[in-house]
């Protein structure tokens, strides 16, 4: 009886690409904001950062395990763009609310971290918009 094991390929080159570096930096910034909001004990801000951390980690795992090539029923870069654009607007609003109505230092630092996250999400949106091809031939540099 032979069993065939198929190992998942991990795309370590993605972690070294611009998109991978930005994704990991987003997750670190989200974690910092989560810790700050937890220290400040503000549940609505905690929920927002945990939700985006979960979505970002799912997208990171999707790209790391090359599942975007297997699950072709979505155009994953466009899903990533929508997430980035909506999260940018949401976290700009959240950061302004946290910075203007802060009760303690944790809430203020969390608001600043959310604002930095919004800048990172804008950068990710720009990177994704620049590599998405709409009826144009792909080049080799756009594969990352």
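Residue numbers in this text run from 1 along the chain shown.
From the backbone N, Cα and C atoms, a Cβ is placed for every residue, glycine too.
Quick look at what TrEMBL lists:
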DOMAIN    14-133  domain 'MARVEL'
TRANSMEM  21-40  transmembrane segment
TRANSMEM  46-65  transmembrane segment
TRANSMEM  72-93  transmembrane segment
TRANSMEM  105-129  transmembrane segment
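Secondary structure of the domain 'MARVEL' (14-133) per DSSP, as helix, strand and coil residue counts: 103 helix, 0 strand, 17 coil. Sequence-distant contacts of the transmembrane segment (21-40), counting only residues of its own chain at least 6 positions beyond either end whose CB sits under 8 Å from a CB of the stretch, comprise 15, 46, 49-50, 52-53, 56-57, 59-60, 63, 98, 102-107, 109-110, 113-114, 116-117, 120-121, 123-124, 127. Sequence-remote contacts of a segment are chain residues at least 6 beyond its ends whose Cβ falls under 8 Å from one of its Cβ atoms, and for the transmembrane segment (105-129) they are 18-19, 22-23, 25-26, 29-30, 32-34, 36-40, 42, 45, 49, 52, 77, 80-81, 84-85, 87-88, 91-92, 94-99. For the domain 'MARVEL' (14-133), the model's average pLDDT works out to 91.
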